[in-house]
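Features of the protein shown, as given by TrEMBL:
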DOMAIN    B:25-258  domain 'ABC transmembrane type-2'
TRANSMEM  B:23-46  transmembrane segment
TRANSMEM  B:66-89  transmembrane segment
TRANSMEM  B:110-135  transmembrane segment
TRANSMEM  B:147-168  transmembrane segment
TRANSMEM  B:180-197  transmembrane segment
TRANSMEM  B:233-251  transmembrane segment
């Protein structure tokens, strides 16, 4: 599309803290104007990757280019091109929302009128106009995250890093945030996103890389990743062994739990396949106590790729 | 990005002044501690100590004059503690990491703190001096001597603030940051701040005479009240320069370290 270098290119990136290897040679390629998601559990090295790419910390090895510049040799060129929104909101609690944005505008040397204009525009865009004069310390989690994102955008960055932008947000704030991220990329910005949620990567990202113990274990589009997963299923629970046996006869060789009287029928979770499933149950007049649709999540992806669940057993819901 | 160093430092100073305006209680708290000590020493211990130091009239009024330079230094030390706390708070919140990912003058975050604290310290010094004048402090300084007093105080404040910026950064938590500068507040006691050093036992007297606050106190006392200054002025300036430079280099190193 154009001859400018890709937004982010990383080859063989390494980082250790003492004996602990955090990043063990990762490669990334993020074209301009796309959303790239780095997916992984806590401690996989996601935040370290963002910190290195955003010039906060140095790498131990590997080649890095952000907007065509090496963060180690030309940190200011990289800093001028990026906006960062951290996992823990980096806002000044003793300033109001508007003052926080004007502080950013001043540090970008935009001049008073332009700074005020841009602050007002960002407040409106992130639905913060009514709270513009309130101290950031009084904000809810969702508002802080929106202000944080807005602060990262004051300098019109070409590459935006979002480190777990929706962790800890309620479902509604999460959806609002997703929409704001989509609007951003529509404006031509490149987004590098880290997340623990497959759903989030699925909703937003053009490409997803899965990071585990400092290594990339898979990369591809959401669709490609999901094909690696055994797939979703519909879980059917029965109240008595007789109906359970009838169901087993109907669906044949599917995973089952004889003690709990549960059958797991493979399904993509779509309406058509559900309708088919319900029709078969009706034909045989099989009474179901409970039906749950299970779509593949990060646990499944991890299980499929690494052969182990991402969390310890007890934390699996 | 040195071209923007001035503009960025001014922006950071505005940020600090805004913090101060939003929480004036901190400034008053920083001034409150030395005011309490001033009143305590003037009215509780002043009668006895005044007789002990043997001034012209040997009473409370003489002791207030003797006391004020030490209390002013205590004001600077208390303000330094405030600086360490606010630097530590800044470092533990995400905002400084945001500044680090921006193409701004690296030092401006620290310069903002230093200049902001300097303003804050000057305000609390004016408060302390005001109270001192109200309770009978009668300096004999000429306008030129007053200028010299201000010069010495600005230099000392500048030095201690750079030191406490470093202390604030080296602290892992805000609690540590509030404890580390504590010894600074004790130093006026272990010098000529409240009693003459020749009334102390040998070991303590040795410490009191050679520690940095004593020459500063003697210089201030000389300028304000006309007592002999001697070599104290040079010693005071020397200490201030050394502390300022040491604190500055240490703070800068801590800020630039990459984990």
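Quick reminder: no glycine exception, Cβ is built from N, Cα and C everywhere.
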- prompt: Taking contact to mean three or more C-beta pairs under 8 angstroms, with sequence separation of 6 or more, is the transmembrane segment (B:147-168) in contact with the transmembrane segment (B:233-251)?
  reply: yes
- request: Determine which recorded stretch among B:23-46, B:66-89, B:180-197, B:233-251 has the most C-beta pairs below 8 angstroms with the transmembrane segment (B:110-135).
  value: B:66-89
- request: Please give the sequence-distant neighbours of the transmembrane segment (B:233-251): residues at least 6 beyond its ends with Cβ less than 8 Å from one of its Cβ atoms.
  value: 110, 152, 155-156, 158-166, 169-170, 212, 215-216, 218-219, 222
Message: Let me spell it out: take the transmembrane segment (B:66-89), skip the flanking residues so only those 6+ beyond its ends count, and list any with a Cβ under 8 Å from a Cβ in it.
response: 16, 19, 26, 30-31, 33-34, 37-38, 41-42, 46, 50, 53, 55, 113-114, 117, 120-121, 124-125, 128-129, 132, 137, 139, 153, 156-157, 160-161, 163-165, 167-169, 171, 173-174, 176-178, 180-182, 184-185, 187-189, 191-194, 213, 216-217, 220-221, 224
